[in-house]
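Features of the protein shown, as given by TrEMBL:
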type	residues	note
TRANSMEM	B:38-63	transmembrane segment
TRANSMEM	B:83-105	transmembrane segment
TRANSMEM	B:117-133	transmembrane segment
TRANSMEM	B:139-167	transmembrane segment
TRANSMEM	B:188-208	transmembrane segment
TRANSMEM	B:220-239	transmembrane segment
Amino acid sequence: MIEVNDIHKSFGDSKILKGISTTFEKGKTNLVIGQSGSGKTVFLKTLLGLFEPDQGSIIYDGTDYSDLTPDEKSDLRSKMGMVFQGSALFDSMTIAENVKFPLRMFTKQGKSEMNDRVDLVLKRVNLDDAHNKLPSEASGGMQKRVAIARAIVNQPRYLFCDEPNSGLDPRTATVIDNLIQEITHEYDITTIINTHDMNSVMEIGQKIIFLKDGIKEWEGSNKNIFKTDNEAVTDFVYSSDLFKRVQKMYLEEDM
Amino acid sequence: MSYLHNIGQYFLMIKEMFRKPTKWSVMRHLIFKDIDDLIINSLGIVAFIAFFVGGVVTIQTALNMTSPLIPKTLVGFATRQSVILEFAPTFISIIMAGKVGSFITSSIGTMRVTEQIDALEVMGINAINYLVFPKFVALMLYPFLISIAMFLGILGGLAASVIGGFVSLDDYIAGIQMDFIPFHMTYAFIKTFVFAFLLATIPSYYGYYMKGGALEVGKASTTSFVWTSVAIILLNYILTQMMLS
């Protein structure tokens, strides 16, 4: 579980996060949504420890991040898995080497043990025949699955995903969403996903926080986001015709 | 003010390079890869340039010694001194600032743009140690490259003088053996080690701390070449003043 208490972050004169507090529970897919520029990526990078908050605290399973020494922070980070928006695969390594990388860095496993684990994880993300391909030879969807495999190979306690299905076709995006949700339940980890994809919100949004201009504007789940009367949320959610029709459907259901 | 900030950040990066080392089994692999990329892959261009510039130095020297009172052995002597003292350590290092320096800046800069460095940091890896330290170790073999440049520069001079008929083989050989001061080799190799350190760290700094996209990677490579060259030339002057005057 991750508890966020009143975090603020500025870059120069520009205030990006203005006092966000929330809790992300274990075993749930927690979504952070909001328009581009709302502070989602800065929020996620602050949770990851890539940015130090100017004010406030982040507590990982009872441990306050700001109380840790640099080495303890590094240890905590080794328990985090991250799926970047652009996958961030190491382009000089093959897919199998990318997935094996956290094991080589942080475990004392033998070669065969590592290879077995890589095989298992690649199979889990339906990539059992792509071991020797380079990331540049893989499609966008494959790269995302490799990134997920690399993020979970060392059995992390926390999984962070920054717009994991951006740039993917709707079908592949759904596959990625479902994969993340299944992995979250299977490994019982705390998963936080940054997205502005409404399909993800509908499919896997067990807990959703909505950010607007660096402030948490709304908090809830995919069950009640379509019924909220928060103007900022409804503006965001029903900005497309498709979701206007969904809203109509929900209203008809209520009647 | 930004210059001071950059200098401070550069020294902090160097300090960070030696903190929290990467696992040796991984580091070893990175060092061998960087030796291949930075040293072995530079052998061809360094050999080519050294051989022909050595030849040109000899021709220029021979053509400018018109007085019959100047012994012909001086051509070999002047070539040896130019190649060992300046051409091989300094001139080749400036060429390497372009070749190796832009390779380092663009490869690290691309990793920054594509969030690969963020991925390393998220995993709890000291990204500066992981990326810069192997380059620093690999470039400690740079004197090997400069030794080859020295040898081929003098050999190029020999070929030019004999083929062009400027100096006889005997005069050239006698010239390159004349008044040899072993300390000059020490001076040249001390310079080479200092330049190797600059070649590993300045381009890494510009790659690591770059911001922006693909266009900025190109700009960072150019800036890194300019500042690596400036640092090489300044330190060349300071070291020469300290060691030879």
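Along the chain as shown, residues are numbered 1 onward.
Even glycines carry a Cβ here, placed using N, Cα and C.
Contact between the transmembrane segment (B:220-239) and the transmembrane segment (B:83-105) holds: at least three of their C-beta pairs are under 8 Å, each pair 6 or more apart in sequence. Within its own chain, the transmembrane segment (B:117-133) is flanked in space by residues 13, 16-22, 26-27, 30, 108, 111, 200-201, 204, 208, which lie at least six positions past its ends and keep a Cβ under 8 Å from the stretch.
Per-stretch counts of Cβ pairs under 8 Å to the transmembrane segment (B:38-63) identify B:139-167 as the leading one among B:83-105, B:139-167, B:188-208. Listed by sequence, the residues of this chain that lie at least six past the ends of the transmembrane segment (B:139-167) yet keep a Cβ under 8 A from its Cβ atoms are 35, 38-39, 42-43, 46-47, 49-59, 62-63, 72-73, 75-76, 79-80, 83-84, 87-89, 92, 96, 100, 173, 175-176, 188-189, 192-193, 195-197, 199-200.
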